[in-house]
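Have a look at the structure below before the remarks.
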Amino acid sequence: MVRVVKVWYDNEVSMDILKDKTVAVIGYGSQGEAQAKNMRDSGVHVILGLRPEGNSWKRAQKDGFEVYTIEEATKRADIVHILIPDLVQPKVYKEKIAPYLREGQALGFSHGFNIHYKQIVPPEYVDVIMVAPKSPGRRVREVFLEGFGVPALIAVYQDYTGHAKELALAMAKAIGATRAGVIETTFKDETESDLIGEQLVLVGGLIELIKKGFEVLVELGYPPELAYFEACNEAKLIMDLIYERGFTGMLKAVSDTAKYGGLTVGPKVIDEHVKENMRKYAERVRSGEFAKEWISKADKADEVLKELMKEIEEHEIEKVGRFIRRMSGLEK
């Protein structure tokens, strides 16, 4: 069954609820920097909560922000918007945010992982909301400066004040998202669909599809450079067309030979067996099994990721890719 979603636009949303309120953005990475700058440019009073020893402290000060420790920022804020990595959040929340929360404050997130999987359990006397731009932070900022915005999701997990949705929408407008459109969802749906999309398609699936296509071409005797162009480099051109025009628009833009070959062979390569595998690993997310596995590695996450990344870094496609990027002027 297809569910109808509510979409909110600029002319439907007011930022009045943010007047005289202070938003403390916790973290100054990709999303933290972009959202903090966009909200400030929209007239919101934004402060930052950071680690004094962190590299971002001086950078944020240089960018003109009031910067405090996380504890002090929490005390000063009406909305505490937590934009640090998922596995770091629970410890920071427990030690530096939770002890200083007061009645009527709001906790904000841009991903529902820790709320949905109960790694953070907020007190009942605060609002808990989500404002999740559907683009990397750099793009969130770029599009805002161009006068538009990227689409975003909002959700309410806990509405203590009775104004949680109004607050989430106002924050979405402040980062520019209502210029494009804001979809109302739930913490559960955002978290699970985000993880499933990353694993099956955007990160896991795409890397493996390109890598295996490259390997087949090389194993058949084609030069690695040629294989890279066909399996990887041109993937961006196709994705740009899909992004701008959809599948049908992309197909209209490629040759008839590409159309026929793609439409007849594609479903045989990415067949029902692949879909069954996708469903299997989607269920791991839905059951909480993936979250349990990832959370169990919290203390050694850097080491685990370094080992996994090493396998990719040493693959021939990466060596060839660096050569092609230098040819294209993308790397020095």
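Heads up, residue numbers simply count up from 1 along the chain you see.
Heads up, the Cβ atoms here are built off N, Cα and C, so glycines get one too.
Taken from Swiss-Prot, the feature domain 'KARI N-terminal Rossmann' covers 5-185. Per Swiss-Prot, the feature NADP(+) binding site maps to TYR28, GLY29, SER30, GLN31, ARG51, SER56, ASP86, LEU87, VAL88, GLN89, GLY137. The active site feature in Swiss-Prot is assigned to HIS111; the stated evidence is sequence analysis. Annotation comment: Swiss-Prot describes 186-331 as domain 'KARI C-terminal knotted'. Per Swiss-Prot, the feature Mg(2+) 1 binding site maps to ASP194, GLU198; the stated evidence is sequence analysis. As annotated by Swiss-Prot, Mg(2+) 2 binding site applies to ASP194, GLU230, GLU234, with the evidence given as sequence analysis. Taken from Swiss-Prot, the feature substrate binding site covers SER255, and the record attributes it to sequence analysis.
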If you rank the binding-site residues ASP194, GLU198, GLU234 by how many other Cβ atoms lie within 10 Å of their Cβ, the lowest count goes to GLU234
ASP86 (NADP(+) binding site) and HIS111 (active site), compared by Cα position, are separated in whole Å by 8
When pLDDT is averaged across the domain 'KARI C-terminal knotted' (186-331), the result is 96
Taking DSSP helix as H, G and I and strand as E and B, the domain 'KARI C-terminal knotted' (186-331) has 128 helix, 0 strand, 18 coil
Binding-site residues TYR28, ARG51, GLY137 vs GLU234 (Mg(2+) 2 binding site), shortest C-alpha separation belongs to GLY137
Note: in the chain of VAL88 (NADP(+) binding site), residues six or more apart in sequence with C-beta under 8 angstroms of its C-beta are none
Among TYR28, GLY29, SER30, GLN31, ARG51, SER56, ASP86, LEU87, VAL88, GLN89, GLY137, which the record lists as binding NADP(+), the farthest-apart pair of C-alpha atoms sits at a distance in angstrom of 20
Among the recorded positions listed as HIS111, ASP194, GLU198, GLU230, SER255, within 10 angstroms of TYR28 (NADP(+) binding site) by C-alpha we get none
SER255 (substrate binding site) has its Cβ surrounded, within 10 angstroms, by a count of other Cβ atoms equal to 8
Cα nearest GLU198 (Mg(2+) 1 binding site) among recorded positions (ARG51, HIS111, SER255) -> HIS111
Comparing local Cβ density (other Cβ atoms within 10 Å) for the recorded positions ARG51, HIS111 points to HIS111
Cβ proximity for SER30 (NADP(+) binding site), under 8 A, sequence spacing 6+, ordered by residue number, returns PRO136, GLY137, ARG138
Ranked by how many other Cβ atoms lie within 10 Å of their Cβ, the binding-site residues ASP86, GLU230 are led by ASP86
Rounding to whole Å, the Cα atoms of ARG51 (NADP(+) binding site) and the residue listed as 'substrate binding site' are apart by 54
